[in-house]
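K.L.:
Residues or ranges marked as domain 'Major facilitator superfamily (MFS) profile' by TrEMBL: 37-483. The transmembrane segment feature in TrEMBL is assigned to 37-63, 75-97, 109-132, 166-190, 210-231, 283-307, 327-346, 353-373, 379-406, 418-445, 457-476.
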Amino acid sequence: MAEESREALLKKVYYENCPGCKVEQRKELQRGLPIKMIVAVWLVVLSAALPISSLFPFLYFMIRDLHIAKREEDIGYYAGYVGASFMIGRVLTSIFWGVVADRYGRKPVIIIGIAAVVIFNTLFGLSVNFWMAISTRFLLGCLNGLLGPIKAYASEAFREEHQALGMSTVSVAWGIGLIIGPALGGFLAQPADKYPNIFSQNSIFGRFPYFLPCLCISVFAFGVCIASFWLPETLHKHNGNTRLQDDSFEALETASYGSFANEGKQKTEEQIPKENLFKNWPLMSAIIVYCVYSLHDMAYTEIFSLWAVSPRKLGGLSLSTENVGEVLAISGFGLFVFQITLYPFVERILGPVMIARIGGIITIPLLSSYPFIAMLSGFSLYLMLNIASVLKNVLSITIVTGMFILQNKAVDQRQRGAANGISMTAMSLFKAIGPAAGGALFSWAQTRLDAAILPGSQMIFFILNVVEAIAVLMTFKPFLTLRHE
């Protein structure tokens with residue numbers, strides 16, 4: 001009983017001028033949902049996610065207009081370089097930004113990452129040649145390293161009972177950004193051709209037909225960047241600081257617990273050696289499972305767009321880019337509704353591991369239904385496609401959120417930035433493989449439309465299901481372990 005009282009007292013020890021302690025004090029006084037913090041995290045993540053995939057609907061035409069490809073068949077080859085350049089940049093710097101976030105704070109990394117979006121996403125829209133396009137995307141990937149730190153930030157800024165909501169805010173905002181980004185790119189690219197009554201061919205939007213979607217995203221990111229200066233820092237900095245409690249607390253603690261309390265004070269957080277994260281199997285197993293799910297999701301994202309716009313004779317849906325944008329926008333809205341209404345309750349009941357398992361299991365029959373959805377037409381096609389897309393994206397975000405929670409619970413606060421940096425590096429590698437593998441798989445499947453076993457798109461979704469099944473199996477012991485088990 002005395003030990004429990006001592007722990008309760010020690011939890012109320014705060015330090016002057018420590019931003020993390022100030023956040024902890026606010027959390028102690030907090031009642032109800034932290035709406036302002038949810039909105040802040042949501043906007044930060046959304047501003048970082050929007051430019052990642054906004055180029056995909058118009059990248060083919062952009063490469064064509066830059067005249068780098070000598071043949072039309074080579075356009076996809078150069079488009080792949082531009083698409084991969086962002087992920088390559090992120091692979092090279094994710095661990096660095098995680099270490100910076102652990103040393104200097106989450107807030108500086110967040111601000112730098114959003115500022116990079118404002119600068120380099122705008123320059124990408126103004127690209128006049130291939131090398132400018134690939135360079136701006138690479139630099140954007142190098143400097144936009146905030147996803148790892150913002151995950152650590154969300155795990156620290158919310159009370160324990162709201163932590164699932166905080167982590168789902170990150171994952172859902174990220175997912176919505178990756179869905180709304182292509183929708184914006186599809187609707188706003190080449191505005192002088194699509195909306196000649198509003199945009200003249202002689203205007204800047206006529207001379208740079210892919211600038212408008214980049215500009216809109218950059219303007220949004222600029223507003224978020226300015227607002228981020230008012231974000232509270234969550235990293236604890238106790239070096240040279242003094243406690244906020246007065247001498248009466250010190251006397252009470254010493255009188256109650258004697259030399260045992262003094263010994264506890266001698267070993268501060270800064271004196272505790274940091275563990276080797278690569279030997280932390282609960283962390284590394286969660287990262288590996290997360291990477292496999294990420295590979296599946298990126299391959300699915302690539303394949304879904306190709307499948308939706310490909311002709312019926314090749315097993316596709318023959319949709320326009322505007323139709324695909326509408327489907328993705330509806331999916332984004334569905335994700336938002338799910339995040340603010342259902343996910344926290346589901347996570348509280350089932351836990352992150354069980355959510356990932358159930359989500360992966362449901363995904364398998366869902367993807368198996370896609371070739372049969374392609375047989376529909378008219379309103380029934382549009383209805384079923386939207387239902388399937390919303391459900392698939394909700395399941396993906398549910399799984400990713402569960403993996404976020406496991407990763408952050410596997411390490412102490414002082415190493416969360418570095419841990420999320422490792423996670424981002426590994427995930428970026430897998431996400432760089434996903435689109436290339438998905439495109440190659442799609443092209444190969446279209447050459448076997450008359451095969452006796454799994455013809456055409458059936459083979460595509462079968463292989464996606466195999467990857468998903470592997471990820472589900474990896475969520476069981478002995479592969480996936482939890483920190484305190």
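First residue shown is number 1, and so on along the chain.
Heads up, the Cβ atoms here are built off N, Cα and C, so glycines get one too.
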K.L.:
Return the stretch with the most CB pairs under 8 A relative to the transmembrane segment (327-346), choosing among 37-63, 75-97, 166-190.
P.N.:
166-190
K.L.:
Given pairs 6 or more apart, does the transmembrane segment (37-63) have at least three Cβ pairs under 8 Å with the transmembrane segment (353-373)?
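P.N.:
No, these stretches are not in contact.
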K.L.:
Same-chain Cβ contacts of the transmembrane segment (109-132) under 8 Å, 6 or more residues past its ends?
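P.N.:
Answer is 44, 47-48, 50-51, 55, 62-63, 66, 68, 78, 82, 97, 100-101, 139-140, 143-146, 149-150, 153, 208, 210-215, 217-218, 221-222, 224-225, 228-229, 231, 417.
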